[in-house]
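S.K.: Found this in TrEMBL, in case it helps:
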type     : residues  : note
TRANSMEM : B:7-26    : transmembrane segment
TRANSMEM : B:79-98   : transmembrane segment
TRANSMEM : B:110-133 : transmembrane segment
TRANSMEM : B:154-176 : transmembrane segment
TRANSMEM : B:182-200 : transmembrane segment
TRANSMEM : B:229-253 : transmembrane segment
TRANSMEM : B:265-286 : transmembrane segment
TRANSMEM : B:298-321 : transmembrane segment
Amino acid sequence: MAESLPPTRPRIPGSGLAKGLAVTLRTMTKKTVTAQYPDAQPDLPPRTRGVIGLFEENCTVCMLCARECPDWCIYIDSHKETVPPAAPGGRERSRNVLDRFAIDFSLCMYCGICIEVCPFDALFWSPEFEYAETDIRDLTHERDKLREWMWTVPAPPALDPAAEEPKEVAAARKTAEKLAAQQEAAAPQPAQPTEPAEPAGTEPHAAEQARAAERPTRPMGESKQQTDLPQQQTDLPPQEGQE
Amino acid sequence: MNDVLDVALRLLIVFGVFLTFPLIIGQTEHKVMAHMQGRLGPMYAGGFHGWAQLVADGVKFAQKEDVVPAGADRRIFQLAPAVALLPYLLVLLAIPIGPGEGAVGVLIDAGIFFVLAVMGVGVLGSLMAGWASANKFSLLGGLRTAAQLLAYELPMLLAAASVAMAAGTVSLPGILNAFEWWWLPWQIVGAIVFFVAGLAELQRPPFDMPVADSEIIFGAYTEYTGLRFALFLLAEYAGIVVLCGLTTVLFLGGWHGPWGADGLGWVWTLLKTAVLAFIVIWLRVTYPRLREDQLQKLSWTLLVPLSLAQIALTGIVKVVIQ
Amino acid sequence: MTLAAAATAVATDATSMAAESPGFLSPTGVEIAFLLVGVVTFGAAIVTVTTRQLVHAALWLVVTLGGLAVEYLLLTAEFIAWVQVLIYVGSVVVLLLFGLMLTKAPIGRSPDADSGNRWAALTVAVATAAALVWVVVDAFRTTWIDLDGAPAGSTEVTGKALFQNWVLPFEALSVLLLAALVGAIVLSRKAKADATATTASVPGSRSDKGGAR
């Protein structure tokens, strides 16, 4: 076998042994890689799959997450409530009210399918990981705990500078522009700049709802009126970036 | 009365060394091994960089239940750790750390023979443990221990004999009194053979086939718990102290150094011993475990011929000098 | 100061008196120790041959050989004592235990530990012991070791005696051991040749090991 190798230099017997010794000695002089965890918190990447947070204001109890969960570790209870008609003489609407949302983290395998399938952006990954319990039954966390974890969800990363405008932002901007045109057309009437989004599509509406609820996690200065969205859209975290 | 006090003091000092040095080496091993593997090692026990880790380990061992297996040979099982540990204490008595009669526990005329003989007895503890545990893995460990001892005792003796020839005496202080610096290159082969064979006799990695925890689950010590197990571990580290001390005395010139041989000779001895202990740890971290046949082959086909060649060389040089 | 001398240092006065007028009636400390160790050694030897547990027999043999080493020490034959420990306790007993472990050495009594010809063995043992005792007593009847003078059994003295007065027996013994060694090698090589000849499929791994040893 030695003949097949290219003839570099004659092998000194024991050179391999010496090389091994050199490796360990060199490693000893280098900095260690040990993370002193309880003393120093780990520097986790923002997309870390630590725990699943529930943004329950967004949840419509559609049960998609519970049904898609491979481990059947999501428990959802709800009841139906009747909402009185918005206008007199209108039809009553019914909506689902969430009673219980629990995830059994002793079963959860952190696949993230529930977060993928949630159509209303009610589930998020949080990098929080220190929720070990001494009893396995305590690992079933209820909606209040899941809601708390929502505060630890980091803001989604900014888009690339040249990226396409997020869909909901585009929709909101279109609406705002249309409204502005209407107001220009009806110039004598007093403008209503603070209530422009009502007739917009459902998508910007949901996004705005989420943003409004998430506001405490961000500096107050960053919270924005919808009217100035178009101007500062690059600052805005797009909801699609959550995954 | 003064003699009695003197003897008592010496015994006390040797006993203190026996209790502390193995722990120091063990702690050094923890830290050095960790850093060689890019880790930190113990950091909590005692506050500063885990200096009290082995003390904590000792407390833990003392708290554990002392289990004797139902099928075991009770008395031999319980006696084995003492048989493994005590010889090293005795050997420590004979190692001189400085010039003069004051720097050795007991002056023994046939020092080399005493030391090697008593070290050989220590292995008997492992054999007893291996047989008395009533466990197949322990028995295998005992067998491997015996085979290893038989293989490596010979080159160790031959290498020591070479030094004895060079010095013209078998007393350890006598050898050191005759030491000259050029013995170092002259006896270097013997030194390596002695050190390697000693490592094998201590069953230190890479010669730890008899305890190979990944295949025979710590061999002869499989069934041991608590303090008895701790005694076996202590025996291993005391063995390192003894081996490094002996190699220092026999081959590296003990208290001789470039300067300060009169007052600070013992510092040289301790320094050389510490460096050798570091090498023991270094070798453990670096090399994987030798297979059983490789172990036997290394001894019979490499170490024994090398030590014989060393003896021949010693003889030739000795005759030429005279 | 040797170990033996250290042991005797406590009873220096008594020893010196005994050295001047040796006799059985006023035993010195060393003599008493010698006798006690002798009794222990003898007892261990008896247990070695009478116990039904094979490994225990080997371990009692360690005690016996160790006791003998102590006796040598008390006779100031320090070199012989350590060689005794080195060779017999360190190697021979280990070899013995190795053999016992390789074959069957059960924990507890071995049913086949007893032999039918125990009386013949006893006769031979007693005869050998009697012969040895007679020869030794006859040879050293009036010899007393002076414990205070230069040690009579130190390495230097032993070496000089061995290589000046007894060099011929020493060389004869060496030749005998060499013959044994060569014989062992020849035997193992023959076995290897046989093994390869008979079983070509199994290339004599066993005899390989035997050869290595």
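Cβ atoms are placed via backbone N, Cα and C, with glycine included.
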S.K.: Cβ pairs under 8 Å with the transmembrane segment (B:110-133): which stretch of B:7-26, B:154-176, B:182-200, B:298-321 has the most?
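M.R.: By Cβ pairs under 8 Å, B:154-176 leads among B:7-26, B:154-176, B:182-200, B:298-321.
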S.K.: Top stretch among B:7-26, B:79-98, B:154-176, B:265-286 for CB pairs under 8 A with the transmembrane segment (B:182-200)?
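M.R.: Looking only at B:7-26, B:79-98, B:154-176, B:265-286, the most contacts with the transmembrane segment (B:182-200) come from B:154-176.
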S.K.: Between the transmembrane segment (B:229-253) and the transmembrane segment (B:7-26), are there three or more CB pairs that fall under 8 A, provided the residues in each pair are separated by 6 or more in sequence?
M.R.: yes
